[in-house]
Amino acid sequence: MGKSVAILGAQWGDEGKGKIVDLLTDRVKYVVRYQGGHNAGHTLIINGEKTVLRLIPSGILRDNVTCLIGNGVVLSPEALMKEMGELEARGINVRDRLKISEACPLILPYHVAMDHAREAALGKNKIGTTGRGIGPAYEDKVARRGLRVSDLFDKEAFAEKLKDILDYYNFQLVHYYKVEPVDFQKTLDDVFAIADVIKGMVADVTTLLHQARKEGVNILFEGAQGTMLDIDHGTYPFVTSSNTTAGGVATGSGFGPRNLDYVLGIIKAYCTRVGSGPFTTELFDEVGAEIARKGNEFGAVTGRPRRCGWFDAVAVRRAVQINSISGFCMTKLDVLDGFEELKICTAYKMPNGEIVEYAPMAAKDWEGVEPIYETMPGWSENTFRVTKREELPQAALDYIKRIEELVGVPVDILSTGPDRVETMILRDPFAA
């Protein structure tokens, strides 16, 4: 009997999901993206060679894996072609191994233009989007005016719909935001050129998944961003536009929740966040700067520096609740090497003096929140590239154990470096 495993971020994204997905894909037949778009940057380092995937599932680097893009993903045809070209230039067969749901909403140039115009108008109050049109494309989906992959293959009807939508967007862009309009004919010509290339990759992803389940093969669902950026459960409004949580697997692929056997939450040994929004344990001192330097904390897609802070058990407890997390993979343990002491946030002190152990939902409810820390001894030994648990310093083992106690879920995988081999699998999600 095959197993179905979801891998998702349990913090604010950038936890190291891509590496872990790639590591576990030697056990699976299918890897599935079910939400987000090319705003996700999944960095893989294999034999010293770095690959950043934004849209195509991380399983594409394994020859025996078929990659699926589910209906919950907003698809930029332009970004897809660029990423395919980069992979094919390295001899990777993409076209025969990538299937795309016909129900994926399309990201088109007017979505990108609107994204940039809005962020510029918001100034210092901006959300901190990646500027790739993700939010506007999801808006069109919910407003039922969006174009989908299936629309690409009726060119006459597509052109009519595009004209109506572009009139709507260009009116706002020109008259409200005072920026240049998006050209209809260029948009049409560009997208039709790409449509002819991807036509053979379009499939009924939901049916493929259910057939795979019947055949008893292993399936891996690859989440993007992180739990605290979920449109419903994150620090709203400083969130992404999709459901980054385990529930997104069902809605974004058509694979029902009872079919999931294991949910692997990815956590860093500390916390990071990109862009605006609440971050209770953020460090503004030399310690924070040192974590950022040692952890190379810059966004894989945007290049933006990440905000760094101590591990926040309060926020991660919320992630455990929302996702029914079975076990954790802790990444970047080695970044904490050499610190004399480490801190873990165990509770929040609210502005009214109340002590809480679960994170608030809305961003406004985080205002004035103070972290309550527990201090633990650090370690001077090197954990980089350690692949046996018994070779870790006792202080590192104690740190991991304390986090397990605080969040109520075991750490089943430990990552001590960027390469796929620099990992300890303590409990295999596909054998659990």
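Residue numbers in this text run from 1 along the chain shown.
Positions of Cβ are set from backbone N, Cα and C atoms, glycine also.
Residues or ranges marked as active site, proton acceptor in Swiss-Prot: Asp14. As annotated by Swiss-Prot, active site, proton donor applies to His42. Taken from Swiss-Prot, the feature GTP binding site covers 13-19, 41-43, Arg306, 332-334, 415-417, and the record attributes it to sequence analysis. Annotation comment: Swiss-Prot describes Asp14, Glu15, Gly16, Lys17, Asn39, Ala40, Gly41, His42, Thr130, Arg144, Gln225, Thr240, Arg304 as IMP binding site, evidence class sequence analysis. The Mg(2+) binding site feature in Swiss-Prot is assigned to Asp14, Gly41; the stated evidence is sequence analysis. Among the features that Swiss-Prot reports, substrate binding site is placed at Ala300, Val301, Thr302, Gly303, Arg304, Pro305, Arg306, with the record citing sequence analysis.
This view paints the features noted in Swiss-Prot onto the structure.
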residue : record                 : contacts (Cβ under 8 Å, 6+ apart)
Gly16   : GTP binding site       : Ile266, Lys268, Cys329, Thr331, Lys332, Ser415
Gln225  : IMP binding site       : Gly9, Trp12, Gly13, Gly36, Asn39, Ala40, Thr240, Ser242, Thr244
Gly303  : substrate binding site : none
Arg304  : IMP binding site       : Val274, Gly275, Phe298
Pro305  : substrate binding site : Ala292, Glu297, Phe298, Gly299
Thr416  : GTP binding site       : Leu333, Asp334, Thr383, Phe384, Arg385, Val386, Thr387, Glu422, Thr423, Met424
Between Asp14 (active site, proton acceptor) and Thr43 (GTP binding site): CA-CA distance (Å): 9
Collapsed DSSP category at Pro305 (substrate binding site): strand
Reduced DSSP assignment, Gly13 (GTP binding site): coil
Coarse DSSP state, helix versus strand versus coil, of Thr43 (GTP binding site): strand
Per DSSP, three-state class assigned to Thr130 (IMP binding site): coil
Rounded to the nearest Å - Cα separation of Gly41 (IMP binding site) and Arg306 (substrate binding site): 13
Cα-proximity to Arg306 (substrate binding site), 10 Å cut-off, over recorded positions Asp14, Lys19, Thr130: Asp14
Alpha-carbon distance [Thr130 (IMP binding site); Lys19 (GTP binding site)] in Å: 22
Fewest Cβ neighbours within 10 Å, where candidates are the binding-site residues Gly13, Asn39, Thr43, Arg306: Thr43
C-alpha spacing of the residue listed as 'active site, proton acceptor' relative to Thr130 (IMP binding site), in angstrom: 14
